[in-house]
């Protein structure tokens, strides 16, 4: 059957090719008019091409209207949406048709039947005809590149290869679904590459720009731009859309299915599909994929650059100019502007410029570029190119002619602008500027350099700081959806977001000192960084919100509204952006007298948000069905491959089948529960979006009147009609009716909600609060009993009754009867036995900020006695800032080697007793003099010290003295030693203390120690000495 279908498709393609190609008409278009050499590409930025863009959009809609079908071999015809009678040249009514389009205008089939791909069969499978793909490779000539050489060499006598080009386009291989043939036939009116030489067999490596930021994606997802890499199959997700109806070698169909399933998340599929079409020289299909990709990612500058380079290589200058018109003024990207500047210099060669018109055009293009990307930290190369461009102009620097003076002024102006911008070339440009000024006149040069030096120093230091901030930044324009916390790539994504935020914060800190001198430049730099960040963080609503908020706070109303508009287009499901946009519209439309018009304007963001959220729920339902179908298919295949072993015992066979069935059901239940959680979150989000819209309409239109103004009641009715709402919508509507209008409809709404949400404890709690607010205690108790009994009847819902019990218990404790309170506590104790009784009892008398039952008043000062701190041997306390006490050594030191000074006795090295070394006469005299001075100091320092050498203090006392903080640490009252001594005198000590022997460690080294005597009211000398110390 497959062979018959393939043969039928082959003969149909042959018939269509023979009928649709008019060779005579192709030859007659060989002498078409050439392009004008006086064309000014810089002026195209101001043109809108309204009519041509409309026709282009129509052709794009035709090419994108076809959707992939499950079976690529079943299709009879595709009817294009455009009128076949309309000539192709009408696509650009305001412009002269380019040569390539005029040559292909006669090739459009007159019938709506699509050209079937030329195929053949091998072994019963449909395969591609490699001979057709390789046709014309020997005659291939590389297209012109963007540059300054050979800029007027756009050939006017290009060989007519449109027929072969169409054959190459039509003879598509079977790995392209038949929708691609429909797209090709529908887009033939825009064919422009066929008039060029035979298309290359291998696309250049710069086909699709692959940013450094692609490491954020899966490792298997993004390959290099080389076509050889694109020939390798990329692992695709196992889904029914790709596993059914697609042959394994149908790469285009598989990639289309991946894009259709996840257009915003599967960027690698987009890039591979573009490479696939370009590698097969299907440039119309590649254009179609580019356009679809850029509708989803309109600020992906890397792909705009790849798109522009493709058109440049094909010499399709009109399409290239259209790309520049669509991107340059809205996408501030250095690489994109570099491509534009190269194109301008290509179309305006300086070698043949006798009038100076080309130089003026190029100069105006540079000025326009600096207005949009001149502040970029990577724009140093463009500044350097501009300086070199000025140097190449007529005139000599330092001459006396008017051209010389003009060149000197232009160079000085360019240098002074460039050295103020923190770029990678700021140091090089400053050195060149220094040589330039000093080469003209040293006196005036020093003056100019001195004036510009502060700006240069600021720019240089700022660039260093900026490089430190952005060292790990991956500056890509291919945005990624934020990973869910805990999933793959969330840490890397968070790091990138933090770097962007630090960059923005750095710009807001005004490091270039522009806020006071040039506030417009300061705001422009911050907005520029926001735009750069939003290229990479397109799907992060918080960043759009911050950018818009900055604009609103700095009188940039139009920029802020544009940020919100673009943010909502990128994130239609973001409540943050929709609410902010609605608030701005509500504030700015206060002058509108008609509440209906004002309400319609404010409601627009809410409607878009709700549509996106409902669409997400539909997709979640579809994904759930696909996951369940995949599980069932997997288990069915497993049962078919490994059926249960047949045994004599039927019970064993049934038990094995039941086990497999139970495993399948468990997995299906897990999948459904996971999707139910996601759908529940979406339903909650939808409900709060309706609530926000309801409150906004209440502010603008009130509660509404039937037939006149919708108001909040109409929003409530719309929410109920559309469904997927939670009890929060009923609660909000009822409370609006009560608090704003005191309308009895609030109670009716609660009654209606109680029937719809009988198991919702939050709704029951709000219902109780409302009934108590209106002083309807009888109905409140009735609702309480009804709700509690219904929830308690199900053991799984018992925990839901706790907040309801707690609320009524609090109310009864304050305003009810004690018997009711005790009964409630008994019921709570039965339902929640794990809760302590003390907590329930204390709840009666406590408030959210104070619990009197937990207070312990201070009755005696003994309750506030501080704890004694005892240092442990494992971790001695720190003594930083405390002076270490020094005591006169009792052992004679040798002047030849002083005794080691230890702060304490811990870990003191063990010493061996050695004989004293003999001292010389001078050393002995010095030692005797030192002893006499120490003795006199001790005797004069304290009148309480006894004669003779004092005994060393015990180790514990030394340690205690060492850990006492210094006097400066005491900020309260000072320590009074007199009062301490007086306290010690009044202490009554037992008379038997003299019987206690002294510990061995407390005994002195001498024999003059006397036993301790009973306290007689007089302080002993040793005690007095220690107290004074």
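Along the chain as shown, residues are numbered 1 onward.
Backbone N, Cα and C define each Cβ position, glycine as well.
Over in Swiss-Prot, the protein carries these features:
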REGION    1-177  region 'Disordered'
COMPBIAS  21-32  compositional bias 'Basic and acidic residues'
COMPBIAS  43-79  compositional bias 'Polar residues'
COMPBIAS  104-119  compositional bias 'Polar residues'
COMPBIAS  127-140  compositional bias 'Acidic residues'
COMPBIAS  153-175  compositional bias 'Polar residues'
REGION    225-251  region 'Disordered'
COMPBIAS  229-243  compositional bias 'Low complexity'
REPEAT    281-313  repeat 'HAT 1'
REPEAT    315-346  repeat 'HAT 2'
REPEAT    357-392  repeat 'HAT 3'
REPEAT    406-439  repeat 'HAT 4'
REPEAT    469-509  repeat 'HAT 5'
REPEAT    521-553  repeat 'HAT 6'
REGION    634-664  region 'Disordered'
REGION    853-951  region 'Disordered'
COMPBIAS  894-908  compositional bias 'Basic and acidic residues'
COMPBIAS  932-949  compositional bias 'Polar residues'
REGION    996-1023  region 'Disordered'
COMPBIAS  1006-1023  compositional bias 'Polar residues'
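The stretch with the most CB contacts under 8 Å to the repeat 'HAT 1' (281-313), chosen from 357-392, 406-439, 469-509, 521-553, is 469-509. Taking the repeat 'HAT 5' (469-509) as a whole, pLDDT averages 95 in the prediction. Each residue of the repeat 'HAT 1' (281-313) gets a DSSP state, and the totals for helix, strand and coil are 27 helix, 0 strand, 6 coil. Note: the repeat 'HAT 2' (315-346) comprises 24 helix, 0 strand, 8 coil (DSSP; helix = H, G, I, strand = E, B). Secondary structure counts, DSSP: the repeat 'HAT 5' (469-509) has 20 helix, 0 strand, 21 coil.
According to DSSP, the repeat 'HAT 3' (357-392) comprises 29 helix, 0 strand, 7 coil.
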